[in-house]
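Everything below concerns the one structure shown next.
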Amino acid sequence: MTEAVSNFEAPPMSRRVFLNALLSSSVGVVVVGTLYPVVKYFIPPSSGGAGEGVIAQDALGKPISVSELLATHAATDRVLAQGLKGDPTYIVIDNGAVANYGLNAVCTHLGCVVPWNAGENLFKCPCHGSQYAANGKVIRGPAPRSLELVSATVDGDNVRFSPWQGPDFREA
């Protein structure tokens, strides 16, 4: 039986078959190399492990220090940070402490970033005039919904954002 296997010879590969295989492989590598960044662009960044969330970061990508934040901001301020999936998210300061919730800063009408207006104690969308209360509840349209809630917890000297669990307390 070993003699039958040892006498077997593979047919020689012709030059045409070799060049076709080489060309097909080269085209495949170029196509995969071109499509990879395109596909990666459409996949949102990870927001951390399930339930773990992400550490709030400033505009430069550095973690925000809670002690520094509370020392430099008013007792009822809203501070813009980088939150879940890289979305702009407000850290809510109530009575001089970080609240247990944060607010996604993206307007629910057309996706503009909504700035905090401390003088009027509300959020005003610069695109179409939607207004939100200090807790993110919509008070004037055309926005159809309140700003999205995220859970905010103090983790050492950092703020950790995670997806909001449970009912919306603003709808009571």
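We count from 1, first residue shown onward.
Glycine too: its Cβ is placed from the backbone N, Cα and C atoms.
The structure displayed is predicted, hence computed values, not measured ones.
Annotation comment: Swiss-Prot describes 17-39 as transmembrane segment, evidence class sequence analysis. Distant neighbours of the transmembrane segment (17-39): none; no residue of the same chain at least 6 beyond its ends has a Cβ under 8 Å from one of its Cβ atoms.
As annotated by Swiss-Prot, domain 'Rieske' applies to 61-161, with the evidence given as sequence analysis.
Feature annotation from Swiss-Prot assigns [2Fe-2S] cluster binding site to Cys107, His109, Cys125, His128. Packing around Cys107 ([2Fe-2S] cluster binding site) is summarised by its Cβ count: 23 other Cβ atoms lie within 10 angstroms of its Cβ, all protein chains included. Classification of Cys107 ([2Fe-2S] cluster binding site) by DSSP places it in coil, neither helical nor stranded.
The disulfide bond feature in Swiss-Prot is assigned to Cys112-Cys127. Under DSSP, Cys112 (disulfide bond) is assigned to coil, being neither helix nor strand in the three-state scheme. Every protein chain considered, the tally of other Cβ atoms within 10 Å of the Cβ of Cys112 (disulfide bond) stands at 15.
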Least Cβ-crowded entry, counting other Cβ within 10 Å, from the recorded positions listed as Cys125, Cys127: Cys127
DSSP state at Cys127 (disulfide bond), helix/strand/coil: coil
Alpha-carbon distance [Cys112 (disulfide bond); His128 ([2Fe-2S] cluster binding site)] in Å: 9
Binding-site residues compared (His109, His128) - highest count of Cβ atoms within 10 Å: His109
